[in-house]
Amino acid sequence: MAASLIRLHFHDCFVQGCDASILLDETPSFQSEKTAFPNVNSVRGYDVIEAAKRDVERVCPGVVSCSDILTLAARDASAYVGGPSWTVRLGRRDSTTASWAQANMQLPSPFAGLDALISSFDRKGLNERDMVALSGSHTLGQAQCFLFRARINSNRTDIDAGFASTRRRRCPQTGGDANLAPLDLVTPNSFDNNYFRNLIQRKGLLQSDQDLFSGGSTDSIVSEYSRNPRLFASDFASAMIKMAFCPPPNLAFLFLTNSPLHFAPFSDRFFVAASSRHHYNIYIHVDPLVKIPQPDNVFRGRIIPSRRTQRSSSKLTSVLDNPANTYFALPLPSIISTISFSIWEKIAINFST
């Protein structure tokens with residue numbers, strides 16, 4: 001189940017951001033993401049999240065989102081099987097709609113080549129190192145025969161002959177589409193770096209896995225992780241934190257600035273109120289759908305209150321605290337000085353496409 005919960009979180013975040021839209025059943029107004037090709041008869045763990053949500057609602061009704069539960073479950077699943085743990089920033093809001101079409105288009109294909117994979121992750125603000133680290137979750141879990149049949153029956157030079165022969169025993173040329181094989185044949189139930197050693201030995205089960213070590217730009221990262229399990233674990237945790245803030249496109253606040261903001265590294269995402277009474281994490285990203293005369297000066301961002309947030313009588317703080325206020329405009333420099341905001345590292349702009 002650990003692999004399923006990590007994968008469930010990943011498949012949620014890559015479609016509309018980490019908003020729990022993957023949990024929504026079909027309605028007359030939209031088709032469920034559960035029935036999209038990458039998810040149907042494949043993604044599992046819905047019942048675990050639903051059970052966790054029921055338990056949380058009994059203790060703290062109407063507060064904790066399903067998207068936060070998904071994120072926490074992925075973290076705990078990793079730790080349970082010997083993988084890393086990390087601090088999860090909470091405050092996500094759940095979507096009320098899903099996108100079957102986006103699930104089919106945006107989730108990386110197991111047949112994709114390296115360039116397509118890099119582009120897919122880049123659209124979510126994830127770089128090549130993030131991509132390789134996240135792919136390392138395939139140290140756990142299984143794949144269905146139809147996803148790797150072509151690879152084990154090909155004349156490609158990037159697959160070990162003995163490995164292909166072993167896999168063909170449970171995956172014939174015809175039939176057996178749903179037969180399962182472990183993504184990591186050696187330690188299939190442990191979170192370790194053996195996945196990367198497999199790639200170097202040409203024993204990647206999926207073509208998209210093996211393409212990470214195929215003479216391309218990610219070879220050196222695979223080699224690093226194969227030698228250094230601590231580095232892999234650390235980078236995996238960092239990439240999971242980063243992925244957990246893939247921006248939902250329609251949950252945003254509008255900020256007006258008097259001058260263009262400087263770009264900063266993707267990881268430097270937040271500015272925080274200096275006072276503990278006004279402690280906020282505010283996430284900002286460019287929304288390309290905003291059509292204005294000076295696009296460099298207008299940004300949409302999503303506010304995520306930190307766990308230390310306290311309400312006050314301040315008018316601005318009340319606006320920020322009120323979830324009913326979906327959009328508002330701020331002249332950013334003057335507001336920062338008015339309520340003593342300080343810059344934490346840098347203000348980051350994440351392009352959302």
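The backbone N, Cα and C atoms fix where each Cβ goes, and this holds for glycine too.
Taken from TrEMBL, the feature domain 'Plant heme peroxidase family profile' applies to 1-244. In the predicted model, residues of the domain 'Plant heme peroxidase family profile' (1-244) average a pLDDT of 92.
Cβ neighbours of R7 (site 'Transition state stabilizer') (same chain, under 8 Å, six or more residues apart in sequence): V43, G45, S137, G141. The feature site 'Transition state stabilizer' is assigned by TrEMBL to R7.
A C-beta separation below 8 Å, combined with a sequence spacing of at least six in one chain, links H11 (active site, proton acceptor) to I22, E33, P38, N39, V43, A103, L107. Feature annotation from TrEMBL assigns active site, proton acceptor to H11.
Residues or ranges marked as Ca(2+) 1 binding site by TrEMBL: D12, V15, G17, D19, S21, E33. Using a 10 Å radius centred on the Cβ of G17 (Ca(2+) 1 binding site) and all shown protein chains, the other Cβ atoms total 24. Under the three-state DSSP scheme, G17 (Ca(2+) 1 binding site) falls in the coil class.
Annotated disulfide bond per TrEMBL: C13-C18 (among others), in sequence order.
H138 (heme b binding site) is surrounded by 26 other CB atoms, counting those within 10 A of its CB over all protein chains shown. What TrEMBL lists as heme b binding site is H138.
If you draw a 10 Å sphere around the CB of D192 (Ca(2+) 2 binding site), it holds 19 other CB atoms from the protein chains shown. Positions annotated as Ca(2+) 2 binding site by TrEMBL: T139, D184, T187, D192.
According to DSSP, C145 (disulfide bond) sits within a helical segment. For C145 (disulfide bond), the number of other Cβ atoms no farther than 10 Å from its own Cβ, over all displayed protein chains, is 19. Annotation comment: TrEMBL describes C145-C171 (among others) as disulfide bond.
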Of the recorded positions listed as C13, V15, D19, the one whose CA lies nearest the CA of H138 (heme b binding site): C13
Cα-nearest neighbour of T139 (Ca(2+) 2 binding site) within the listed recorded positions, C13, C18, S21, C145, C171: C145
